[in-house]
Structures are given as C-alpha cells and as structure tokens.
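J.: Handing you this structure, nothing more for now.
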Amino acid sequence: MARSEDVLCYAVTCPPDAGACLQSLARLFGFGTGLAMLSANVSARPQQSSPAAVLHLRLLLSVLLSLFTDRTVSNAPLPDAWLRDYQDPVVLPDSMAGYSAIGPEPNDTDPMSSSTGSLRGRRRGRGKKDVGFLGQASWISSVINLVNTILGAGLLAMPSALSKMGIFLGIFVIAWAGITSGFGLYLQTRCAKYVDRGHVSFNALSQLTYPNLSIIFDAAIAIKCFGVAVSYLIIIGDLMPGVVRGFAPGIDISFLLDRQFWITAFMLIVIPLSFLRRLDSLKYTSVIALCSIAYLVILVVAHYIKGDTLADRGDVRVFQWAGPVPVLAAFPVIVFAYTCHQNMFSILNEIADNSHFRTTSVIFASIGGACALYILTGITGYLSYGDNIKGNIVSMYPTAAASTIGRLAIVILVMFSYPLQIHPCRASIDACLKWRPRRKTQTEASPSRNTLLTNSPKQSVKTEMGDVRFAIISTILIVLSFITAMTVSSLEKVLAYVGSTGSTTISFILPGLFYYKISDPDSAHHQRLVKDEDDEDEFDSADAEGYVMSDAHKNRNWRRGLLRTLSLSLAVYGVIVMVTCLVTNTFLVAAAH
C-alpha cells in the first residue's frame, strides 16, 4: 500500500479528471472504513479511542474529499461525527494532533466554506462549547441536590413568619418569593450559555461583566453562606437538649442539657466534613437529609390533625397582619428559605443533559416542591400554636418519641448541610483574597469571535487553592461560625439578617445584573451567541421549510428584550428588598424592643 504522504502529494498536483477518480476511490474506501469503524466502536468501550491506523485513514479520506468534491456535504461518505473527531484536538491522540491543520484553503466565495461559517459548520462549532466536559448527573439527582440546598432552617421558621403576616398574605408572599427566586435561577441558566460548559461560576461571569466588582460579589456570597452555617449550629444547640430529655426523661446531667455543649460536640463531626475539597463524598447524604425533611413535615401535620397543641394556641390571623414592621422583619426569613443559587452553577456544570428544557424543569420541580412544603408546614404549624408560635416550631412540641425523633432528624439534616455552606464560603473568601483591580485591555475591549472564557485544565490547576491556604481559611471560618453560634441564641434574628443581605444579593441582584450586562446587544459575547442561535434556527428552518423563518425566530428579539428588562427589574427589586429589610431589622425592630 502506498504511503499516505505520496497519495497526498499526488492529490494536490493531479488534474481534475484524476481528482474525480480519486473522489470515487475515496468514497469506496470510505464505505469500507465506515464498516470497520462501526465494528471498532461496537467492540470498544465508550471512553476508548479509535485505533491510530483507522484515524489516519479517516483523515486522509476526508482531506481528499475536501479537495475534489463539489462541497455538497450531503454526498460525503464520512458522517459528521467522524469529521468532528479530527477537527477537535481534545479527541485526537498526541500522534494525530498535526492533522488538524491539514485541509483546503478557505474560500470566501463558497457559501459552505468554513471561513464564512457554513450553517452546518456553525451548528457543529456551537457544540464545541461542550467538548472536553460531559456531565454525569441525572435529572432526578440534580433536583434532589437543589431541593436539599433549598430546604433547611427556613422550613422551621415558616409558621412564625405566617404569624406576622396572616395566612392569606403569608401564602402570597411564599409564592411570590418562590417565583422571584426561580426567575433568578432561570437567569443563571441563561448566563451559563456564555461560558464553556463545566466552567461556569459567579467568578467566571464577573470576569465577563464586572471584573473590578467581583470582590463585592464574592463577599456577598461569603456572608450568605457563613450566616446559614451559623444558623445550622444554632439549630443543633436548640434541639439536642430536647432530644436528650426525650430519650432519658429523668437525666440529671447538666452539661447534656446545655446547648453550648452540643454545639461543641457536633463541631467535632462537621469539622472533618468541612475539610473535604470535593463534595462528591457527601452526595449520598442528600437522601438522608430529604428523609429528615419529610419526617418533619409529617410531624407538623400530624400534630395539627391530632390537636394536642390547642391548649397553647393563641389568636389566628387569616386576613389581618401584625403590622408593617413585623411583616418586613419576617419577609427576609421567607427570602432566605429559597436561597440555593450558590449551588445552581455546580448543578449546571454536572448535569448530563443541560438543554433548556431539562434545566428549566429542574428549577420548576425544585422551587415548586419547596413552595408546596413551605405552605403546608407554615399553615399547619401556625394553626397549631397561633400567635404563640416561636421561631423554631420543633422546639415547642411536647417531649414524646415522635417529637424526639423529629428533633434528631433535623439535627442530622443541618449537620450534613453545614459543609455545603462552608464549601462555597471558603471559595468566595479565597477569591476575595486573590482579587486585584484590573484595567481593561484592548483585547478585552473588543474580543474576537473565539474569545470565550475558557478554563483549561492547566489553568484550573494553577488557580486551585493550596493545602496551607485551604486549611487556614477553613479553620478561620469554622472557628468564627462556632463563636457566633455560641453567643447568638435567636434563630429568627440570624435568618432575618442573612436574608436581608447575602440571600437577596445572591438570589436577585447578581443574576439580574449578570444577565443584563452580558446580554447587552453591543456585547461581543452576546453577538456571538445570538449569531450561533440564529444560524441554528436558519438551518432548521431550511431543512423543514426551505429557508423560511420560523415564528420562534421572528419573536426571538422581542423575547430577548423582555427577558433583559425583567432581569434589570429583578436586580432593582433585590436592592429595594435588601435596603428595606436592613433598615427594618436594625432600627424599627430594635426600637420596638
């Protein structure tokens, strides 16, 4: 058999009639190669690369076709998936990397030339954003992780929030907070399209939008996660003395009934979990955490049905409210209850099918399920105690076996949730310490079509936190959260301040500002993404209707403008909520006491 170099040399210098012969020969070899590749792919594992000899032959045939065919891709013997293999260096073995440069010179007059961006080429090029990183998480696991992030301390304080607002207004506020938080999650999915898959994060988006303000964004995330971690320790201290009394009613050991002792004891458990770099080892605890939540909801509903708390019940408000100040003080508790946005980008990076429908359905299922549980728990819990309800309803139930198990279930829930808050808090603190003001360079002012934010494996290794730095930041966060939990005894105050600051920022302000900035029609990143989407719609319309524009394509600009306006409205709404709630909690509530 002739060497591949000799065949290529003859192909470049031969006359057109010889080229036609080579085209027929290439198609014949392409058919045989296709059969060989099908058998090789069936027998090989999905992760196993094709043999080098077969790849060489495939590349040779594709070059011959590109030189002498009439450039109608439909009659090419090689499938598109094979052509992508050699065009993308990620799939090529080291010995084949040089072949990616072999090919004909771009033809500006050829509508199917790669230089002008053919419809099929652009569709294929758009898919390259996913090359090199394939998510493994299923839809149900993504929903479980997001629901586990949402549900927590907010469920315990929901009856208390309804006691300030009344049942009617409370249901409306719970639903409204769910809608606005869900819209923030949706904007995060839209922003993720501007970043290579597997590398989207708040820091990555801030580099594309507001690089000099990234320290403020990271600080807001750190404050939010730190406040949630403190609230989890407070819950442990509030519930464990009741657990001890439930299992041992006649116990007379004072330190076992001390909340500070149990906070200290459980720190010995959460500290090793908080020092894990990856959260994969904690993924199996999500099911246990959701089982704890399910038991808590059943416990609250069962006590309401049984009616064993009616003797301690106060007045019940249905349409009345306690006044504007108590309502404004309770509103951050509901806002905090939906905050899960710090983990949304991780879910988008890890989900196997990151299509628009699948990611949106994850948001609907998670927010909808949490909203239903909040309303159910809030109404039944409030009807059980009325206006005498406290911030933590579980701590009010009489000592019994069912109530004791419920308290222990919540302790287990927050114990496993504590490391989930330390992890993003630590990353945000590290980003704040690394922050330096940056001037806008000429390249950043007018990025090229290929300058999409990409984190290569080498860059990830360089930016990874060192062991000493990792240990120091983790230790400081754990110690500070421990000291705060030992000195603060009111769960409601912690939730109110966390909801006023960090939760409103991460749920409303950041998603709204990020999308409004990155979707600017003058943004190079947005123009590139819009061009790819329009080309895909044009290609699909050409296949179905002969280049007739679809209705979805005609309305795309209007929908983009509406979504951009709503994103700015969400950011403004977040600022108003933050300022109002901070003023209420700091001055009005303090003056009332």
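Our numbering is plain: 1 for the first residue shown, then up by one each step along the chain.
Placement of Cβ uses the backbone N, Cα and C atoms for every residue, glycine included.
What TrEMBL records for 136-531 is domain 'Amino acid transporter transmembrane'. Per TrEMBL, the feature region 'Disordered' maps to 102-127. Positions annotated as transmembrane segment by TrEMBL: 131-155, 167-187, 215-236, 256-275, 287-306, 318-340, 361-385, 397-418, 468-488, 494-516, 566-592.
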J.: Output the single range from 287-306, 318-340, 361-385, 566-592 maximising the number of Cβ pairs under 8 Å to the transmembrane segment (397-418).
T.: 287-306
J.: The transmembrane segment (215-236) and the transmembrane segment (468-488): do they have three or more Cβ pairs under 8 Å, with pairs 6 or more apart in sequence?
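T.: Yes; at least 3 Cβ pairs under 8 Å.
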J.: Do the transmembrane segment (215-236) and the transmembrane segment (494-516) come close, with at least three CB pairs under 8 A (pairs 6 or more apart in sequence)?
T.: yes
J.: Residues sitting near the transmembrane segment (167-187): Cβ under 8 Å, six or more positions beyond its termini, same chain?
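T.: For the transmembrane segment (167-187), the sequence-distant neighbours (Cβ-Cβ under 8 Å, at least 6 residues beyond its ends) are 158, 161, 316-319, 321, 327, 331, 334-335, 337-341, 344, 360, 363-364, 367-368, 370-371, 374-375, 378-379, 382, 507-508, 511-512, 514-515, 566-567, 570, 573.
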J.: Would you confirm whether the transmembrane segment (318-340) and the transmembrane segment (256-275) meet the contact rule of 3 or more C-beta pairs below 8 angstroms, pairs 6 or more apart in sequence?
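T.: The answer is no, given that the two segments have fewer than 3 Cβ pairs within the 8 Å cut-off.
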J.: Other than its close neighbours in sequence, what residues sit by the transmembrane segment (494-516), given a CB gap under 8 Å and a spacing of at least six beyond its ends?
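T.: Long-range Cβ neighbours of the transmembrane segment (494-516): 153-154, 157, 180-181, 184-185, 187-188, 190-191, 202, 205-206, 209-210, 217, 220-228, 230-231, 234, 329-336, 338-339, 341-342, 391, 488, 563-564, 567-575, 577-578, 581-582, 585.
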